[in-house]
Structure formats: C-alpha cells, structure tokens
C-alpha cells in the first residue's frame with residue numbers, strides 16, 4: 001500500500017500548510033490594526049521590543065510553523081500530532097483578538113500559556129517522527145516564550161483586565 005505522503009504532491013501540501021497558517025496570521029493581523037495605539041498605552045518592561053518588530057517576527061514564526069507541519073506530514077505523521085498542531089493553531093488564532101481587539105490581556109495570557117503547553121506537547125510528538133519538525137517548532141516556541149513573558153509583564157506592570 002502506498003503511504004499517504006506518496007499519494008500527494010509535497011509542494012501542494014506545503015502550499016496547504018502555508019495557506020492554513022496564513023489564515024491564522026491574517027486573523028491576527030486584522031486584530032492588530034489598533035496594536036500601535038493599544039501597545040503604546042501599556043507600561044512595558046525594559047526588555048520589550050519596539051512594536052515595529054512584531055510583524056516581521058510573527059511572520060517568520062508563522063513560516064517556521066508551516067514548515068514544521070509540512071516536515072511532520074512528510075514523515076506520515078500521526079493523527080495525534082496533527083490534532084495537537086491544530087489545537088495550537090486555534091490558540092494562536094485567538095491570542096491577538098483577545099489581547100488587542102478584545103482588550104482582555106489576562107484572558108490572552110491564559111490563551112498563550114495554553115498555546116505554550118500544546119506546542120511543547122506537539123514538539124514531543126513531532127520528535128518521534130521528525131527531528132526537523134520538532135526543531136522548527138522549538139524555534140516557534142522560543143518566540144512564544146518571549147511573547148508569553150511580555151504578556152505576563154504587561155499584566156504585572158499595568159492595571160489591565
């Protein structure tokens with residue numbers, strides 16, 4: 001029997017992963033239209049990056065996330081790994097609308113901590129099939145750790161809901 005990865009064009013699948021992650025990125029982007037004003041209202045920690053850096057860094061993170069999913073798919077990845085990957089995408093999708101559009105910094109913090117948890121779980125599952133996919137997810141996780149720490153610092157330094 002032919003493996004699923006041999007039945008589909010890998011470039012089409014890469015495009016699908018990039019497309020899926022792009023939808024998440026688009027929702028985040030649309031939710032952050034007022035980000036400069038929202039972000040500038042907060043007292044930020046001394047280690048906070050300038051607001052202009054976030055768009056490019058999130059873009060790189062999304063590309064890395066898509067490549068991780070694709071690398072895992074190329075190994076005939078298990079359904080459980082894809083389920084966790086999808087749950088992580090959902091939590092990622094929710095973070096920017098909660099933080100920027102919804103004005104719920106605390107709920108956004110809960111969301112991103114859950115995202116961190118699911119990404120680490122996904123790294124573990126991906127590692128069993130593809131070290132490349134796991135390493136790519138760890139790069140994404142590094143950015144998430146910074147974003148999580150910043151979210152927590154903003155809560156600590158500001159009177160937010």
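Glycine too: its Cβ is placed from the backbone N, Cα and C atoms.
Feature annotation from TrEMBL assigns transmembrane segment to 12-33 (among others).
If you look up TrEMBL, you'll see 53-73 (among others) marked as transmembrane segment. Counting only same-chain residues 6+ beyond the ends of the transmembrane segment (53-73), those with a CB under 8 A from a CB of the stretch are 5, 10, 13-14, 17-18, 20-22, 24-25, 28-29, 32, 35, 81-82, 85, 89, 92, 126, 129-130, 132-134, 136-137, 139-140, 143-144.
Summarising the annotation, TrEMBL assigns transmembrane segment to 82-99 (among others).
With a threshold of 8 Å between CB atoms, the same-chain residues lying at least 6 positions outside the transmembrane segment (105-127) that come near it are 68, 71-72, 77-78, 80-81, 84-85, 87-88, 91-92, 94-95, 98-99, 133-134, 137-138, 140-141, 144-145, 147-148, 151-152, 154-155, 158, 160-161. Annotation comment: TrEMBL describes 105-127 (among others) as transmembrane segment.
The feature transmembrane segment is assigned by TrEMBL to 134-157 (among others).
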